[in-house]
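Working notes for the structure below.
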Amino acid sequence: MSTDDENGGSRIGRGDEEIGAEIADDAEALLSALPHYYRGEVAQANAAQDRIDRTTNWAITVLAALLSIVFSAPELPAYLLLIGGLVLAMFLSYEVRRYRFFDLYRARVRFFQENVFANALDPVGAEHPRWREELSADLRYPTFKVSTLEALSRRVRRIYGLLFGVVGIAWAAKVTLFTPESRWTEAAELPGIPGVAVAAAVAAFFVCVLAVASWPHGRRAKGEVHGTEPGSWKKP
């Protein structure tokens with residue numbers, strides 16, 4: 001039987017398939033391969049961060065355009081701002097998923113820095129003695145390092161809480177200050193839904209936003225900065 005038949009028709013021999021294992025005990029070969037891996041993970045993290053930034057920019061652009069349209073004419077209904085809030089929620093859902101991918105790549109980068117570069121500069125021991133096995137397991141079976149709830153909470157605290165707040169203030173101003181010819185309950189109502197019920201739903205939504213933003217849970221996202229030491233690290 002030919003070698004191709006033994007390997008299922010592949011021209012790659014078993015020794016070639018296990019070429020990665022050959023550098024495991026070769027320090028020189030491993031040190032040559034690791035920088036390429038590190039640069040790849042940094043590039044992935046940067047690309048994921050760029051996708052997050054683009055989503056945020058679109059959310060801000062849409063909100064700014066909506067505000068300029070709604071307040072350009074008194075006859076435009078206030079519920080357009082509520083539609084804008086739904087659009088922001090859609091952008092938030094995209095950003096939460098993208099943040100989880102960003103944290104995955106960022107966690108690997110920080111893991112590598114902690115256990116390779118930090119120990120190379122000051123060899124007092126790796127933060128994780130079995131870092132190679134742990135990193136290998138994560139490369140074989142990638143898993144998110146942060147839950148959807150924490151990612152949601154972090155994005156609401158950082159960006160979307162403010163954007164939702166702008167929508168809420170603009171809506172309240174639209175149904176009160178910018179519609180003096182009618183009562184606020186009339187300006188706030190939707191087809192078939194009284195204004196009081198709409199206002200209650202808006203208030204409930206913002207209670208949920210505050211609850212998510214202040215959710216009391218431990219941090220799972222991989223941190224990059226631990227505390228503040230302004231200038232002290234540069235002192236001799």
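Glycine residues also receive a Cβ, built from the backbone N, Cα and C atoms like all the rest.
Some features that TrEMBL has for this protein:
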type	residues	note
TRANSMEM	56-73	transmembrane segment
TRANSMEM	79-96	transmembrane segment
TRANSMEM	159-180	transmembrane segment
TRANSMEM	192-213	transmembrane segment
Note = Per the Cβ under 8 Å criterion, with at least 6 residues separating them from its ends, the transmembrane segment (159-180) contacts 56, 59-60, 63, 67, 70-71, 74, 78, 81-82, 84-85, 88, 91-92, 95, 186-188, 195, 202, 206, 209, 213
Ask   = When you scan the chain for residues with a C-beta under 8 Å from the transmembrane segment (79-96), skipping those not six or more beyond its ends, what do you find?
value = 52, 55-56, 58-59, 62-63, 66-67, 69-70, 148, 151-152, 155-156, 159-160, 163-164, 167-168, 170-171, 174, 190, 198, 202, 205
